[in-house]
Amino acid sequence: MITDEHPFEFAPQQDEYTQLLTELHNEYCAEQPLDVLQFCSNFFIRKLEEQRLEHRNNHHSRNNLFDTNDTSNDLHPLCEQPQEDFSQQQGIQWETTHMGHPNDHGALHDDDDDPLEDEDDEEFDKFSTEPLPSLPPTNYNRGRRTSVKCREHGTQRQPRLCQGHHPQISGTSERIKVSISNNFLFRNLDEEQYLDVVNAMSEKRVVKGTTVIEQGSVGDFFYVVESGTLDCFIGQNKVTNYEAGGSFGELALMYNAPRAATIITTSDSVLWALDRNTSAPSLMENTSRKRRMYEYFLSEVVLLKSLESYEQHKIADALESVYFEDGQEVVKQGDVGDQFYIIESGEAIVLKEENGVQQQVNQLERGSYFGELALLNDAPRAATVVAHGRLKCATLGKKAFTRLLGPVLDILKRNSENYHAVINQQS
């Protein structure tokens, strides 16, 4: 048993990573905290603060570049103050960042921040003249030039979605509305929230061959394509493409996560960019909650387990839940099909009519899917599916079915070649 009397060590020669883990483990053994997660969090935050302080002191002593005197009490203590422009001192032509004044909610906005600019770390942005708070902001990114939105202590979340607006010229709002009309992020917004989103978007015109986002980088923008075409790469492999009405970058918007893919324009394109720092939490929380719910559900569907996580993300975003009462027909034999169904909860009965006689051929439960044959073959429904008790299904339209289920279409087609598989899998 490892105790504080017998310190834990990984190896005789330790790098920074193993040294940190060793120190954490020894402190844990010495203190035996009840809340392990909080203890670990406090440990790493403390170490980060110590490192930042050491860097700041060393850098100040060498170059005297930073003024550590607190000259303003206007900002919320968690908000990051504007960094100085060091381009003249270092002989490097950096693009100057013009930071706005804090608004009523203590937020700073980068007035001229271009979402298509290089998002790589800048050396001098690694140091802040503000002491590290006890807990970092949720959108904290080490070494990045960011605009941090903070909520005052004791205040309630504002109902308005977006606090950063770009007043749209005549006709621009209509263009944005057309571009986002079918986007999953904005389906459930009320009128006021919808207008806030429209006013928060900025137009970006990019030429052919432009890398809009790069895999692994940290980004703040979500993009909707108004016109043009773009290719999506994971590593060196092209996985999909985008055209008018398509969107990408939602991981940055919802989770502040690194870019999952690289997007490159294949023609001159017009994009609408939405900054995560001007998007209120309620928009992101609603979408994130829906995605988490569907991702958990999709992980139980055998057909979809082979999909990559980004593919499951896209499917989860496109799914919509529908409900049926006991005895209600979900699909009817002979009808034209335009929806694919996956059962979320409840049961359904598959009925097939032959020679004027209808008989039950299968019973479906959670995780079962049906409706794919009509979409694969542009054929009428092959059977009738009826709710057996209250039934909840996740649905996917025909276009989304073809676009998002590409990796499993071969599996579906192989199943459809066998009559018995058809009866077991599909109406």
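Backbone N, Cα and C atoms are what each Cβ position is placed from, and that goes for glycine too.
Listed in Swiss-Prot for this protein:
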REGION    38-184  region 'Dimerization and phosphorylation'
REGION    96-145  region 'Disordered'
COMPBIAS  110-124  compositional bias 'Acidic residues'
MOD_RES   SER147  phosphoserine
BINDING   185-300  3',5'-cyclic AMP 1 binding site
BINDING   303-422  3',5'-cyclic AMP 2 binding site
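A C-beta separation below 8 Å, combined with a sequence spacing of at least six in one chain, links LYS290 (3',5'-cyclic AMP 1 binding site) to ALA316, ASP317. Cβ-based neighbour count (10 Å, all protein chains) for ALA260 (3',5'-cyclic AMP 1 binding site) stands at 20. Across the structure, GLN333 (3',5'-cyclic AMP 2 binding site) and ALA200 (3',5'-cyclic AMP 1 binding site) are spaced 47 Å apart at their Cα atoms. If you take the Cα of ALA260 (3',5'-cyclic AMP 1 binding site) and the Cα of ALA318 (3',5'-cyclic AMP 2 binding site), they are about 18 angstrom apart, rounded to a whole number. Counting other C-beta atoms within 10 Å of each candidate's C-beta, the binding-site residues GLN215, GLN333, GLN363 are led by GLN333.
In space, VAL408 is the closest of the binding-site residues LEU303, GLN363, ASP378, CYS393, VAL408 to GLN215 (3',5'-cyclic AMP 1 binding site), judged by Cα positions. In this structure, the CA atom of LEU230 (3',5'-cyclic AMP 1 binding site) is 29 Å away from the CA atom of LEU303 (3',5'-cyclic AMP 2 binding site).
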